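Here's the structure, in structure tokens; my notes come after.
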Amino acid sequence: MKKIGIFAKVHEEPLEMADQLQKWLVNRDIEVVRRESSPPVLDVTQSNPGHAPADLSCVIVLGGDGTFLSAARWIGNQEIPILGVKFGAVGFLSETRKQDLYPVLESVLKKDFTTQTRTRLLATVREDEKIITTQTVLNDVVINNGTLARLANVNTYVDEEYLTTFRADGLIVATPTGSTAYSLAAGGPILEPQVAAIVLTPICPFTLTNRPLIVTDTSTICMTLAATAMDVTLTFDGQAGLKLNEHHTITIQKAPVPTIMIKVPGQSYFDVLKTKLRWSGGKV
């Protein structure tokens, strides 16, 4: 490996480790590209996150899941492997702990590692047939009501067939990776990362029969808002947002390029799941 990216959360501890890691890599004749996380963007149409250099061998993420999602957004549609190092409180996306980083990196530099692909979603927003933005997400696309105590009526179609109108505080469309994020908090199911599916989870639905729904990842999901919509926002992985109105149409489908995650030997997805959700014997 000749060139590695370091993507760090803007916080004292991750930044200190980024400095140490950069020196460690440079001493091994490896070029380093540094990038730091930035606050969420309120209007995605006015932002340009830039892209990681195409010749990066991998990207090391120092931070929590939010930082990992920012790094995935920076990498974009490039097949650059990501290694997450846990600094946050949950860390579903982090593959190793900070105290284990250097032994893991020794293996990575020797190319002694495996990877796992994670499905992403491609979301296209149109306003009166004009494309406003196209975004790719690793976790989820979320329609969310604002501060006013009003329901968002989300007309939902699957493969051009009308499904229902969700009367709820919002609607989450998540990947299997995103099923352990906002969707889980809203009562959605947990999907193993390799399951070929997309999850639709309503947020606090007014109708009790509006339950989470799992569809195949070959499906195309289309959503519009009722004309009475007020103060409704669309967010992409919690990193960028866009104000919605009844003239917008949101189309979501599986993205052509997945995210590639570096895997640490001896650690399974269910090991991580049990630990994070305290299923390993402790009280929840």
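Numbering starts at 1 and runs along the chain as displayed.
Positions of Cβ are set from backbone N, Cα and C atoms, glycine also.
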For this session: Quick one: which of Gln20, Gln22, Gln239 does Swiss-Prot put in the NAD(+) site with Asp65, Gly66, Asn139, Asp140, Arg150, Arg167, Asp169?
Result: Gln239
Exercise. Per residue, counting other C-beta atoms within 10 angstroms of the C-beta, which of the binding-site residues Asp65, Asp140, Asp169 reaches the highest number?
Worked result: Asp140
For this session: Find, for the listed binding-site residues Asn139, Gln239, the residue with the lowest Cβ contact count at a 10 Å cut-off, counting only other Cβ atoms.
Result: Gln239
For this session: Report the same-chain neighbours of Arg150 (NAD(+) binding site): residues 6+ apart in sequence with Cβ closer than 8 Å to its Cβ, ordered by sequence.
Result: Thr228, Met230, Asp231
